[in-house]
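In TrEMBL this protein carries:
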type	residues	note
TRANSMEM	34-56	transmembrane segment
TRANSMEM	238-258	transmembrane segment
TRANSMEM	265-283	transmembrane segment
TRANSMEM	323-344	transmembrane segment
TRANSMEM	369-394	transmembrane segment
TRANSMEM	509-531	transmembrane segment
TRANSMEM	543-560	transmembrane segment
TRANSMEM	609-632	transmembrane segment
TRANSMEM	644-666	transmembrane segment
């Protein structure tokens, strides 16, 4: 059999001998990597058990509802706080950071209330007015501790026992917490039209102090208002957004089906377009260079080294040396492209033929275009289950209380305490103003000590399941497209329901192999996440060597992850065809690719570039259409355009959604081309085109191959 490869086979294994009984994906196969399958099933059962344990110990209400200083939920039904869904801070001035507020770490008493204050008042003012009007106390008492009903108690004792706040300020709820109601009038920050207020301790404070205490809250409130407007835009434009996404699906499908007729023309137009653009760049650089050289008393003779580094890069454009360097660089790129095209033109033609064949294969097996929906549903289940377990693990444990002090040097600060016995200790004597407030949820049991480890396990299994879902999809699609390629007479010999048959084979025989490959990738991704965490922790460190080492490791693991993804993808293709184990399939795929390394490089880059162009073309075209529609620039349908606060909300949604839809369709196409390419390489090594060993490739591929073989024979003679 004549050799069809470019590298001696002894380097990367021997080609397969002809097997007259081979007719595509093997149906009579056995289970592979059974041990990995058993481990995978055990891990899934353990994952279910982890979810059950987290569900027993966790309480998502701890995340949903704010918690007062006594660890009680605000707004929880069946409790005294059922009608008190908002958290109120006795002295918000003691809270220096909004993150402290949201995390319930502010060193002041926190109380559940039914509504936020709507006026300025102090406890002293209330006591003074109480003598004339009892309603002042009725209003003020709703912000005091439950059960406190002594408006005549001295201010000093009230503040010491934290019975009532020293002051209240007009507030409004945000994130179920009362924050000052800031309003800017004529450039001046006000609260209830006031710029200052009494703090109840004999001082007059500026509203600026409230702003500093709740720094960033005003921007969050503005963000909430913007969010409401965005929600309104979605509510009024969702119908048109859906129409835009449906148009994207139709255009993506049509684009893939038309590639069988336009792939060659489109690719050659792109190639010659790049050559023309680079050629124009060379001419422009030469024109700028000669113009600067010809000007008397210009900067043409000044070199880059003379001026050194400049922040304004426009300075370099005034130098003739800059344009000379650019001209030489572009000339090298142009020459490289032309030389590659001259020597690899037949490889490019084979790549184009495979792209056209891929479009033809999808046309015969249209069901493959809808398989990404199954993958999407499975991924959504994995993500939802992981998120639920993470929330339940975070909310596991009992309420933990810590001493919160306004004094920086308090020796008891951040120590655990018991709110029931806190008043009997000497902490308030040593650290005046200290509070025993709720801090977080935790515990001392073995389960609580290993919650962090369980979160890591949750993340690892999540990555494993996600990669397994993707691997299952790749193996299923590969089996379906291999059934198309190895049909001698297309489409008559294509088996019925090839996608369902391939899915059944993958699940029944190769669950262990798919789990093995996805576990390797999940471990690498886990290492990358750990490295990202370490890099984040070391950002403020001054250890340059440690940061350099982390950076190098991140780069290495990034390369390793992409290499494993490439090898897994091709291993799943070989597995779908021959039904062998993961390691054997990976080895066969690696050797086959190395025996056709030039074809691999050309096809991979050509396919990636063409599909990327298709994604940008489709999402960009639909985006332009959506832009003209939502900005009322299409006269025919101006009356149908909904009234919007921000037209860019539906516009960006359509563009992003269009890109995702095109990406889903084109991923199927990319898998089809990769599968057909490996089948093509196998076909070349198994068969020679004779009546006894006919090629299974399409007539177009056969013609291109015959020309390539004729050229090689002519060159050899």
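Think of each number as a place in line: the chain as shown, counted from 1.
Just so it is clear, glycine is given a Cβ too, placed from its N, Cα and C backbone atoms.
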For the transmembrane segment (509-531), could you work out the same-chain residues 6 or more beyond its ends whose Cβ comes under 8 Å from its Cβ atoms? 29-40, 459-460, 463-464, 466-468, 470-472, 475, 550, 553-554, 557-558, 560-561, 564-565, 568, 571-572, 575-576, 579, 581-583, 585-586
Which stretch, 34-56, 265-283, 369-394, 543-560, tops the Cβ pairs under 8 Å count with the transmembrane segment (644-666)? 369-394
Non-local residues, at least 6 beyond the ends, that sit with Cβ under 8 Å of the transmembrane segment (369-394): 50-51, 54-55, 57-60, 63, 253, 256, 362, 451, 454-455, 458-459, 462, 465-466, 469-470, 472-473, 476-477, 499, 664-665, 667-668
Going along the chain, which residues at least six beyond the ends of the transmembrane segment (238-258) come within the CB cut-off of under 8 Å? 359, 362-363, 369, 614, 617-619, 621-622, 625-626, 629-630, 642, 650, 653-654, 657-658, 661-662, 665-666, 669
Tertiary contacts of the transmembrane segment (609-632) (same chain, 6+ residues out, Cβ under 8 Å): 237, 240, 244, 247-248, 251-252, 255, 263, 266-267, 270, 355, 638, 641, 644, 647, 650-651, 654-655, 658-659, 662-663, 666, 669-670
Near the transmembrane segment (265-283), which residues from the same chain, at least 6 beyond its ends, have a CB less than 8 A from one of its CBs? 259, 326-327, 330-331, 333-334, 337-338, 341, 348, 352, 355, 606, 609-610, 613
